[in-house]
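Peer 1: Here's a structure for you.
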Amino acid sequence: MAQKVEAQGGNGGNQWDDGSEYDAVTKIQVAAGGNGIEYVKFTYVKNGQTEEAPLRGVKGRSFEADPFVINHPEEHLVSVEGRYNPEGLILGLTFKSNKKTSDLIGYEDGTPFTLQVQDKKIVGFYGFAGNNLHSLGAYFAPLTNVTPLNAKKLEAKGGDTGDIWDDGVYDNVRKVYVGQAQYGIAFVKFEYVNGSQVVVGDEHGKKTELGVEEFEIDADDYIVYVEGYREKVNGMTSEMITFLSFKTYKGKTSQPIEQRPGIKFVLQGGKIVGFHGRSTDVLDSLGAYISLSPTPNLHGKWTKVDENGDGPGLRCSHDIAQVGNKIYSFGGEFTPNQPIDKHLYVFDIESRTWSISPATGDIPTLSCLGVCMVSIGSTLYVFGGRDASRQYNGFYSFDTTTNEWKLLTPVEEGPTPRSFHSMAADEENVYVFGGVSATARLNTLDSYNIVDKKWFHCSTPGDSLTARGGAGLEVVQGKVWVVYGFNGCEVDDVHYYDPVQDKWTQVETFGVRPSERSVFASAALGKHIVIFGGEIAMDPLAHVGPGQLTDGTFALDTETLQWERLDKFGGEEETPSSRGWTASTTATIGGKKGLVMHGGKAPTNDRFDDLFFYGIDSA
């Protein structure tokens with residue numbers, strides 16, 4: 001709620017009030033006559049739309065000054081200085097913004113007054129007017145209602161009814177108050193910090209007898225993650241927020257995060273420095289402002305790669321791998337649970353052209369989905385995947401110099417047959433982790449040595465690394481890392497396996513952590529593991545539906561165990577849209593190493609056929 005500063009002058013004429021719901025004042029028109037100020041007229045901006053208020057006073061044979069124009073959002077109105085006479089008429093006015101001051105309009109006689117509040121801006125006016133302007137008062141709002149260039153406004157999630165509110169942007173969030181209603185969240189209120197000043201925000205919604213929960217953030221900590229659920233409840237025509245949990249950079253959580261009814265949403269991507277949304281008697285929606293780090297440890301950029309020729313087309317649940325200047329694609333589906341083909345597609349990076357690779361030898365007998373593929377040298381290695389009747393493929397190699405397939409291990413002789421597992425490789429070993437067999441999810445890790453041509457069953461990881469599918473699997477500095485996945489619900493734990501010691505270790509990560517997810521794109525880039533998108537909540541129809549998919553590019557530093565978000569909002573970068581079940585690999589394009597991904601499942605349950613590359617500039 002804006003701060004109302006008392007009107008100065010008299011109370012003759014009629015009372016008027018432009019209101020306080022605007023974002024800023026953008027233009028002021030004033031006319032002065034023999035008795036002082038004859039009229040004022042203000043133009044405001046609200047949600048990007050210009051709104052002209054009525055003329056306050058009467059147009060006569062007066063001198064109309066040049067309009068005082070305020071260049072929102074870089075400029076804002078700070079104060080008004082004026083004078084009024086004993087009869088209660090405003091004689092003169094001067095307006096000041098943070099960048100300039102208007103000329104005096106009217107006379108310098110009379111009693112002086114000033115409308116100003118430190119660290120706030122004027123967002124509305126009110127007063128009395130008849131044939132002249134009798135009095136003038138103002139509404140003030142925090143300066144932080146203007147989004148700074150280094151902050152990003154995240155769209156509010158939830159319903160589209162209720163009053164719009166916006167607390168603006170601050171240095172930090174100090175406290176969070178959440179009030180409960182019978183079916184969800186009744187109200188929220190936030191306390192912020194601006195420099196040494198504590199700013200108490202308004203209550204959004206309405207308190208009930210069910211109480212209020214308070215979450216305090218330490219002075220050296222900040223919120224990086226909000227998880228919520230939205231749902232239409234009790235016959236409502238629009239969604240409301242039914243659950244909220246706040247998590248800080250140091251891992252402090254306001255509420256235990258667990259699966260709940262409704263549609264899950266997350267607000268994340270950096271330090272959260274403000275909130276906005278809609279409310280009625282309940283909290284209808286919630287969005288946030290995030291402060292983006294100006295100097296990420298890993299620098300890169302997304303580009304969409306042009307594609308020509310006969311390629312894989314629209315599909316998901318396939319895999320890709322790079323050999324030299326070519327990217328290979330195998331497996332996948334267009335219709336849920338229906339494999340498309342068993343072609344091996346090859347993309348020439350130089351010509352940007354897809355084609356179907358010639359193939360001889362032990363060509364895989366099954367068209368499959370949920371397959372994995374990696375490369376070592378000039379050879380591709382393909383394991384698992386299933387057809388529509390849940391028959392599984394074995395373990396194959398493909399020599400890209402001779403275009404020959406070889407069946408290295410039949411289904412019945414190798415690791416447990418599976419789909420939606422994860423694969424990675426180093427110079428001599430292919431690693432296969434997790435996935436879904438005919439009867440259960442798995443948490444085993446097997447390695448195949450390409451020199452000895454033998455499988456090795458790695459040590460059992462223990463209870464902390466639950467059986468899962470759709471995890472990220474990358475080899476970084478000799479360790480095999482398992483990142484996130486799905487074990488019946490989305491998880492966010494991270495583990496690594498040391499092949500030398502045959503030992504598993506779970507690690508605690510921190511920073512701007514991505515939310516729980518699976519079936520995301522991933523790549524190993526130096527000491528970092530970079531991921532994009534994925535599924536954050538399973539669809540009620542399981543693999544038949546799209547699930548709840550997300551976007552976002554994150555990097556985990558495997559030495560410091562710190563996560564950071566890499567996306568550059570706006571500018572020339574063409575960031576991929578939300579997706580999961582995409583094919584991805586570590587690749588080099590145009591001399592840059594990065595994450596390349598193809599296709600995937602869209603939130604609409606459609607399929608993508610695009611090719612994106614996140615190329616690293618420096619690390």
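Every residue gets a Cβ built from N, Cα and C, even glycine.
Below are the features I grabbed from Swiss-Prot:
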- ARG386: active site, proton donor (ACT_SITE)
- ARG441: active site, proton donor (ACT_SITE)
- ARG386, SER419, ARG441, GLY470, VAL519, TRP581: (Z)-N-(sulfonatooxy)alkanimidothioate binding site (BINDING)
- GLU535, ASP539, HIS543: Fe(2+) binding site (BINDING)
- 2-142: domain 'Jacalin-type lectin 1' (DOMAIN)
- 151-292: domain 'Jacalin-type lectin 2' (DOMAIN)
- 379-425: repeat 'Kelch 2' (REPEAT)
- 528-583: repeat 'Kelch 5' (REPEAT)
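Describe the structural context of these features.
Peer 2: ARG386 (active site, proton donor): 26 other CB atoms within 10 A of its CB, across all protein chains.
ARG441 (active site, proton donor) counts 20 other C-beta atoms within 10 Å of its own C-beta, drawing on all protein chains shown. Classification of ARG441 (active site, proton donor) by DSSP places it within a strand.
There are 28 other CB atoms within 10 A of the CB of VAL519 ((Z)-N-(sulfonatooxy)alkanimidothioate binding site), with all protein chains counted. VAL519 ((Z)-N-(sulfonatooxy)alkanimidothioate binding site) falls within neither a helix nor a strand when secondary structure is assigned with DSSP, and so counts as coil.
Of all Cβ atoms in the shown protein chains, 16 besides its own fall within 10 Å of the Cβ of ASP539 (Fe(2+) binding site).
Assigned with DSSP, the residues of the repeat 'Kelch 2' (379-425) fall into helix, strand and coil as follows: 3 helix, 23 strand, 21 coil.
In terms of DSSP helix, strand and coil, the repeat 'Kelch 5' (528-583) has 3 helix, 26 strand, 27 coil.
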Peer 1: About how far apart, in whole Å, are the alpha carbons (Cα) of GLY470 ((Z)-N-(sulfonatooxy)alkanimidothioate binding site) and GLU535 (Fe(2+) binding site)?
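Peer 2: Just about 9 Å between their Cα atoms.
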Peer 1: Are there any residues at least 6 positions away along the chain from TRP581 ((Z)-N-(sulfonatooxy)alkanimidothioate binding site) with a Cβ closer than 8 Å to its Cβ? List them or say none.
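Peer 2: The answer is CYS316, SER317, VAL519, GLU535, GLY600, LYS601.
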Peer 1: Largest pairwise Cα distance, Å, within the listed (Z)-N-(sulfonatooxy)alkanimidothioate binders ARG386, SER419, ARG441, GLY470, VAL519, TRP581?
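Peer 2: Result: 17 Å between the two most distant Cα atoms.
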Peer 1: Filter the recorded positions ARG386, ASP539, HIS543 down to the ones within 10 angstroms of SER419 ((Z)-N-(sulfonatooxy)alkanimidothioate binding site), Cα to Cα, kept in sequence order.
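Peer 2: Near SER419 ((Z)-N-(sulfonatooxy)alkanimidothioate binding site) by Cα: ARG386.
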Peer 1: Under the DSSP assignment, what numbers of helix, strand and coil residues are found in the domain 'Jacalin-type lectin 1' (2-142)?
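Peer 2: DSSP composition of the domain 'Jacalin-type lectin 1' (2-142): 0 helix, 87 strand, 54 coil.
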Peer 1: Work out how many Å separate ARG386 (active site, proton donor) and ASP539 (Fe(2+) binding site) at their Cα atoms, rounded off.
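Peer 2: Per the Cα atoms, ARG386 (active site, proton donor) and ASP539 (Fe(2+) binding site) stand 20 Å apart.
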Peer 1: What is the three-state DSSP composition of the domain 'Jacalin-type lectin 2' (151-292), stated as helix, strand and coil residue counts?
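Peer 2: For the domain 'Jacalin-type lectin 2' (151-292), the helix, strand and coil counts are 0 helix, 85 strand, 57 coil.
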Peer 1: Round to the nearest Å and give the CA-to-CA distance linking ASP539 (Fe(2+) binding site) with ARG441 (active site, proton donor).
Peer 2: 18
